[in-house]
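> Structure in structure tokens, see below.
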């Protein structure tokens, strides 16, 4: 219906009809009778077309209303209208016929030539008025049939829609039942999984206290064993120190043999000691554990600076009692410092290996956690370092060093305190992250202003290092503290002497024999293997 109505609105038939009526009114007096009749017939034809379209729209509208709707409206309004129009048409026909009879009689005398045309138009109008009611009745019958068919079709479609709705409701109920069943099964599975997880967590929680208790028992047993071993070692060391004579009263050979036997016995005792085979866990010192790496580094740098400014000068004073040459004294102290760092680094490596062996059975974490535990243990147990053994190793290395030429009466045991302090500093520096170490130095190398400062008696224009007074302290490749070196132009080549395999056996006439550190019996030394002149210095 909407499409037919849109077509009627777009065709503008009613507006064209109104325009024609207006045009006919304006030209009615100037037109002839035939022209006016033609205008009237055209208007009737146009009205008939519009009426036919309206009847089609009426039929479609009635079909949309169904079998019951619109019937009363058609009966009440359309049928009476059609009846009145038919009766008015008939009455108008008689009146018009009478009027036409009188008018025809009057006009026949005037327009005898136009009478046949007028009769023909009149007969056409009469025939059209007679056929129009029959056409309207036929249209009504057709519209009734179409309305009945539309009603039957609508009832059928309504029944089909109701059946489809019922089927959809049944499907919806089945889907809801399936969804409820799935939800129940998923909830049951989740509850079972939660129960199993709760049971597993309970089991693990029950097992963890047992493991913790066993670990604590092992730890306690290890502590007891370590305390017993350390107390035994302490008593042995105290008895040994009480029985050992002063290092300056015996002969050099006796001291050397004693140091060798002592070192062998200590190495043997260390190898057989339970502390070396399986090191025990000690409770960390609270003060040392609280110290951060930065604080320990600052403290070690301060100790190293104090060793340069105070301990080095004290050692020089001790050596100057027996040696007049300042160059030899400074060389001895530099070599002692370098050897102390070397021996302390080796001792730190062995100590770290023992700690790893000790902590390996109780390690349950990753490698990083294990290394962290090893480092923390070493930091908290730096007092376990055997510095006296390192001092003996340093003195042995100095005795066979070919670069030191000095009177044989001077014993390097004079530098025991200095060497022990340097060994402790170097050992503690290896526990830092990153560790600190001294720079490599060799006689005759090019002077590096970033590593060393020149001594007061140096030639400040000389490019080569004559000898080193104090090593530079390094952190990776960065200089932390500068060392000290002596530079002299041309003095290095003039001072080169043949390398001596052993120290001289002749007595020194420089100092009296009653001075500290001078032996009454000459001491011979066995030849030592030739070392590289530039090794570690």
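Numbers here mean position along the shown chain, with the first residue as 1.
Heads up, the Cβ atoms here are built off N, Cα and C, so glycines get one too.
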> Scan 171-212, 297-338 against Swiss-Prot and say which stretch is down as region 'Disordered'.
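Checked against Swiss-Prot: region 'Disordered' maps to 171-212.
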> Run through 123, 271, 524 and tell me the one Swiss-Prot describes as phosphoserine.
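Annotation hit in Swiss-Prot: 123.
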> Quick one: which of 127, 241, 522 has phosphoserine in Swiss-Prot?
127
> Quick check on the annotations: Swiss-Prot lists coiled coil for one of 152-184, 350-382, 383-415. Which range is it?
152-184
> DSSP-wise, what's the residue breakdown of the region 'Disordered' (171-212) into helix, strand and coil?
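Helix/strand/coil tally for the region 'Disordered' (171-212): 42 helix, 0 strand, 0 coil.
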> Taking just the CA atoms, what is the gap between residue 157 (phosphoserine) and residue 13 (phosphoserine) in Å?
37
> At 10 angstroms around each C-beta, which of the modified residues 13, 154, 157 has the fewest other C-beta atoms nearby?
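The modified residues 13, 154, 157 were compared, and 157 has the fewest Cβ atoms within 10 Å.
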